[in-house]
Amino acid sequence: MVLESTMVCVDNSEYMRNGDFLPTRLQAQQDAVNIVCHSKTRSNPENNVGLITLANDCEVLTTLTPDTGRILSKLHTVQPKGKITFCTGIRVAHLALKHRQGKNHKMRIIAFVGSPVEDNEKDLVKLAKRLKKEKVNVDIINFGEEEVNTEKLTAFVNTLNGKDGTGSHLVTVPPGPSLADALISSPILAGEGGAMLGLGASDFEFGVDPSADPELALALRVSMEEQRQRQEEEARRAAAASAAEAGIATAGTEDSDDALLKMTISQQEFGRTGLPDLSSMTEEEQIAYAMQMSLQGAEFGQAESADMDASSAMDTSEPTKEEDDYDVMQDPEFLQSVLENLPGVDPNNEAIRNAMGSLASQATKDGKKDKKEEDKKEEDKK
């Protein structure tokens, strides 16, 4: 990389108050100087940059230094005043370059001219010949008063370059929103192949210079916007899904709580309606009640697992089920099998046998009674 010491000459005349460059010429110049300083120091860490004003006394604000922060802090203290003296400012910058510490550094002057140059063309050409002899390159950014200055400054740069030289440049920038953008794409900051000296991919949005490839920069910007919209949509969907899951979990908890409450109430009602005074019952009545409770418990479990939509149909069939249950309870063989499977119950116990016998005799009587009623109904029909 080229080792270079650069003096930046800034225009601080009254013309810099104009607003043809946003927000003013002076502030647009500050942004451009910022880019120049960073470009020079990043291209080579050993490069040095100094700062000098062109108006009135051509004051040297900072001598050659690699500290861009120091340069920029001095730059922001500059206020518009008076008129520029272009030739004097260039001579002072040349003297500052002669006192550079690194004698192997090439010398370069970058001058911002935003005011009319009052020096005549002969003086400019004479100064250019002297600088060429000293091997000093000069880059000029001509803006704001390009109609007045372009001819003089072109003669100055052409004299510096000679017939074959290309070390010095003149960049004329028409009024526009950004002086810095025009400078980035200019030969002053462009190396071989158009690469920006000291400006990596991180200095441009999406890593692409919009002036070098505007179509690619636009495509990347559109793609980035679409990606941002997709991410926002996915975030909204995820938030909605999380809210829906939370709502389902809450509803499920409420449903389970309601079911548990209903079951508890049903069990309490069942206990109140079906719990007689066991102390007043005989042993045979207690055994019969135990068998009845086991049957009712089975029916209760089946009723809890049944579909709620069939409740009306179940209500209409309750008399039939009660008759079937009564018939089952009066079946001695079924009761005998139930007693044999009950733990701690001896089917051969005398009390159990007596209870079974009484149930059997009752069943026989009921059967005969039902038969008589059926015969009587048939006779009435005849």
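Cβ atoms here come from the backbone N, Cα and C positions, even for glycine.
Database features, via Swiss-Prot:
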COMPBIAS  321-330  compositional bias 'Acidic residues'
CROSSLNK  LYS122  SUMO2 cross-link
DOMAIN    5-188  domain 'VWFA'
DOMAIN    211-230  domain 'UIM 1'
DOMAIN    282-301  domain 'UIM 2'
REGION    216-220  region 'Essential for ubiquitin-binding'
REGION    224-252  region 'Disordered'
REGION    287-291  region 'Essential for ubiquitin-binding'
REGION    301-382  region 'Disordered'
Could you give the mean pLDDT over the domain 'UIM 2' (282-301), rounded to a whole number?
69
For LYS122 (SUMO2 cross-link), list the number of other Cβ atoms lying within 10 Å of its Cβ atom.
9
Looking only at the region 'Essential for ubiquitin-binding' (287-291), what are its DSSP counts of helix, strand and coil residues?
5 helix, 0 strand, 0 coil
